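Below is one structure, written out as C-alpha cells; comments come after it.
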Amino acid sequence: MAFIATVSLADGTPMPRFGMGTWYLGESAHAHDRELAALRAGLDAGVRLIDTAEMYGSGAAERLVGEAIRGYNREELFLVSKVYPHNAGRPEIFESVEASLERLGTDYLDMYLLHWRGAVPLSETVECMEELVEDGVIRHWGVSNFDADDLEELYGVFCGDHCAVNQDLYHLGSRGVEYEILPWMRSAGMPLMAYCPLAQAGDLRRGLVSDPAVVEVAHRHGASPLQILLAFVLRDPMVVAIPRSGDAAHVLENIAACDIELSGDDLSLLSSSFPAPAHPVPLDIV
Ligand SMILES: NC(=O)c1ccc[n+]([C@@H]2O[C@H](COP(=O)([O-])OP(=O)(O)OC[C@H]3O[C@@H](n4cnc5c(N)ncnc54)[C@H](OP(=O)(O)O)[C@@H]3O)[C@@H](O)[C@H]2O)c1
C-alpha cells in the first residue's frame with residue numbers, strides 16, 4: 001500500500017496530496033473495463049482522492065467513479081466534483097449537486113468546486129456553497145481556474161474566505177502559478193490542486209518529456225520522465241496532484257512517484273530547462 005501524504009485544509013481536515021483525475025474517462029463503452037480496473041487498481045493501492053466533474057463526459061466520468069468506489073468505505077474516500085459555471089447559482093447548483101451525487105452513488109461530496117468563473121456573481125455561488133455545507137451535502141467547497149486577482153475578489157465576498165482549495169493547471173513546463181498564485185494561496189493556507197500535472201503525457205509542452213534535464217533526473221532516480229513531472233509538483237507540500245490514467249499499470253507508476261524526493265541539484269537542473277517565472281504570467285488553462 002502506497003504512502004500518500006496529506007495536506008491540512010484551513011479547518012484542519014486532511015486532504016490526500018495524490019488523487020486520480022477522470023477527464024475523458026467513462027466516455028467509451030469499449031474502454032469501460034480497462035478504465036474501471038485502472039481506478040480500482042488505484043483504490044486498492046491506497047489512493048483515496050478522486051477528482052471528477054459534471055462536465056466530464058456529461059456525467060459519464062462520475063458514473064464510472066460511482067461504479068469504481070462501490071464496496072469501498074465511503075468515509076475513507078475524498079471525492080471532488082465540479083459544477084459548471086452556468087449551473088453555479090440558484091436553483092441550478094442544487095440540481096447539479098444532486099445529479100452528481102446520484103451518479104456517484106453517494107450522499108455527500110468531500111469537495112465541490114466552481115469549475116471556472118462564469119456570469120453568476122461569486123457572492124451567489126458562495127452563498128449556495130455555504131448552504132450545501134450547512135445541509136451536509138458537501139463538506140468543503142473551492143474554485144478552479146482562479147488567478148490571484150480572482151481569489152482576491154472571492155475573499156472580498158461574504159464567506160469567500162471559506163474557499164478550501166483552488167485547482168489550476170500546473171506542471172514543470174507551465175510554472176506561472178509559482179509567481180503570484182501559489183504564494184497568495186500559501187499565505188491563506190489554501191492548497192493548490194494541480195491539474196494536468198503530466199502535461200497530458202507531455203502533449204501540452206513540446207519537448208517536455210524528452211528534455212535532457214528531465215531525462216537525466218529520471219535516470220538519477222531510476223524513474224520515468226512522467227514520474228519526475230509528478231515528483232516536481234509534489235515537492236511543494238501545499239500541492240495536490242491529480243494525474244489521470246485509464247491504465248492500471250500507469251496508475252501504479254504514478255502512485256510510485258509519491259516516493260520520489262527531488263534534491264536541490266535535481267531541481268536546479270530541471271529549472272535550467274524550465275525556469276520558475278520571473279514576472280507575472282497569464283493563468284494557463286486547458
Ligand atoms: N479544473 C479544470 O479545469 C481541469 C482541467 C483539466 C484537468 N482537470 C483534472 O485534472 C486531471 C488531470 O489532467 P489531465 O487528465 O488533463 O492530464 P494529465 O493527468 O496531465 O495527463 C493524462 C494523460 O497522461 C497519460 N498518462 C497518465 N499516466 C501515465 C503514465 N504513467 N505513463 C504514460 N502515460 C500516462 C494518460 O494516458 P493513459 O490513460 O493511457 O495512462 C493521459 O493521456 C483531469 O483528469 C481532471 O480530473 C481539471
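Just so you know, glycine gets a Cβ as well, placed from its N, Cα and C.
Listed features, source TrEMBL:
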type	residues	note
DOMAIN	19-270	domain 'NADP-dependent oxidoreductase'
ACT_SITE	Tyr56	active site, proton donor
SITE	Lys82	site 'Lowers pKa of active site Tyr'
BINDING	His115	substrate binding site
Checklist entry - Taking the domain 'NADP-dependent oxidoreductase' (19-270) alone, what is its mean pLDDT? => result 98
Item to check | Residues that sit under 8 angstroms from Tyr56 (active site, proton donor) by C-beta distance, when 6+ apart in the chain | outcome: Thr22, Trp23, Tyr24, Leu25, Gly26, Glu27, Glu62
Checklist outcome for this item: Smallest number of other CB atoms within 10 Å: among the recorded positions Lys82, His115, that is His115
Checklist entry - Under DSSP, is Lys82 (site 'Lowers pKa of active site Tyr') helix, strand or coil? => result strand
Item to check | Separation of alpha carbons, Lys82 (site 'Lowers pKa of active site Tyr') and His115 (substrate binding site) (Å) | outcome: 5
